[in-house]
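**Q** Here's the feature list from Swiss-Prot:
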TRANSMEM  30-50  transmembrane segment
TRANSMEM  55-75  transmembrane segment
BINDING   HIS75, HIS80, HIS112, HIS116, HIS257  Fe cation 1 binding site
MOTIF     75-80  motif 'Histidine box-1'
MOTIF     112-116  motif 'Histidine box-2'
BINDING   HIS115, HIS225, HIS254, HIS258  Fe cation 2 binding site
TRANSMEM  175-195  transmembrane segment
TRANSMEM  200-220  transmembrane segment
MOTIF     254-258  motif 'Histidine box-3'
Amino acid sequence: MSAQTITTTETTQNAQKPQQYHWRMVWRNIILYIIMHLTGFYGLYLAMFYAQWKTVFYSWFLLVIALQGVTAGSHRLWAHKAYKARLPLRMLLCIFQTLSLQNHIYDWATYHRVHHKFVDTNADPHNSRRGFFFSHMGWLFIEPHKDVEDKYKSIDFSDLHADSVVMIQKKYYHTFFAPVIGFYLPAAIPWYFWGENFWTAFFVATMLRYCACTNITFLVNSWAHIYGSRPYDKNIYPTESATIAVLTGGEGWHNYHHTFPWDYKTGEFGKYRSNLTTGFLDFMAAIGWAYDLKTVSEEMIMKRVLRTGDGTRKFDKIDKILNVDDDHHHEDMLWGWGDSDMAKEEMNYVKIHNRKED
């Protein structure tokens, strides 16, 4: 074999090798998260020993509504279209979501749709197969995998572009929403109204809240993709975790959620003690601010459990379920209501509560 032949063969083999993924660090995010955690822990120290009880309670309240901004707002409403909201509710959720300081709604919702559509692949921004830390927050410390950006372009975001609340927040997020609503006002209110030291208020009501809200939310991406049962689809990584459900206000029923992402409850049972967000949305529906709340019929749930579940979910009456096969493949993933790959049969089994005309 000639040297030219060897060179040609080596060139062909190298061309066939998949392009290696190299980390490119995002130092801005790394520095930001170091500062966030250091100041958050300092805020915890102040909350325990120096802050007024009113400041501590107020900070806890801000944490609760910030989580609602994420769960009811950027997640169930804008990412998954699991229900529809009148303008007053969309404005309220926009303010709540800003308090989470998890970037603007548009960024949150668009990348979350990519996460669902391509869950736990290289196209998933926080692919849990790359480890607990990566899926928790490490994904923010490096540039996204090329597949993330490529697949991002295949998802429809036209509904977000048509939402004036989303686009106004996106336009003014870094100049008004984050600095004023997210950072300054939460600290200024305790200082102005009950004489709390401003810096104590800042570290407790702003930085501790920011740190806690971020880590609680991120546990859904990490913990709830690794630990727990898979009663609805054993072929995917997301799991059921009651602990995460309580911490996040209902986002821990993650195997169910990835199986039926358009359900406004993000869980089969929707008990308020482990799904605070469902209670919030039911109240909003009662006063007319939320409508067209989508959920899944019991028959559809049973069929899916028997077909792809891990056997941990039991039913009292399964004899009415007919022609159920055991599939051992990864079901086509959906990002939520409106995904073009959603089967007509699935749409027929969806229940819509509080249906109203736009």
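Using N, Cα and C of the backbone, Cβ positions are placed for all residues, glycine too.
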**Q** Need the DSSP three-state call for HIS116 (Fe cation 1 binding site) to compare against my parser.
**A** helix
**Q** For HIS112 (Fe cation 1 binding site), which of the binding-site residues HIS225, HIS254, HIS258 has the nearest Cα in space?
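**A** Result for HIS112 (Fe cation 1 binding site): the nearest of the binding-site residues is HIS258.
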**Q** Please classify the secondary structure at HIS75 (Fe cation 1 binding site) using three-state DSSP.
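**A** Helix, per DSSP.
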**Q** If you measure HIS258 (Fe cation 2 binding site) to HIS116 (Fe cation 1 binding site) at Cα, how many Å is it?
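**A** That comes out at 7 Å between the alpha carbons.
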**Q** Taking helix as H, G and I and strand as E and B in DSSP, count the residues of the motif 'Histidine box-3' (254-258) in helix, strand and coil.
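**A** When I sort the residues of the motif 'Histidine box-3' (254-258) into the three classes, I find 5 helix, 0 strand, 0 coil.
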**Q** Taking all residues of the motif 'Histidine box-1' (75-80) together, what is their mean pLDDT?
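**A** That stretch averages a pLDDT of 98.
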**Q** Measuring Cα to Cα, how many angstrom lie between HIS80 (Fe cation 1 binding site) and HIS115 (Fe cation 2 binding site)?
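**A** For HIS80 (Fe cation 1 binding site) versus HIS115 (Fe cation 2 binding site), the Cα atoms are 12 Å apart.
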**Q** Take the C-alpha atoms of HIS257 (Fe cation 1 binding site) and HIS115 (Fe cation 2 binding site) and report the distance between them in angstrom, rounded.
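**A** The Cα atom of HIS257 (Fe cation 1 binding site) is 12 Å away from the Cα atom of HIS115 (Fe cation 2 binding site).
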**Q** Within 10 angstroms of the C-beta of HIS116 (Fe cation 1 binding site), what count of other C-beta atoms is obtained when all protein chains are considered?
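**A** Result for HIS116 (Fe cation 1 binding site): 20 other Cβ atoms within 10 Å.
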**Q** To which of the binding-site residues HIS75, HIS112 does the lowest count of other Cβ atoms within 10 Å belong?
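**A** Output over binding-site residues HIS75, HIS112: least Cβ neighbours within 10 Å is HIS112.
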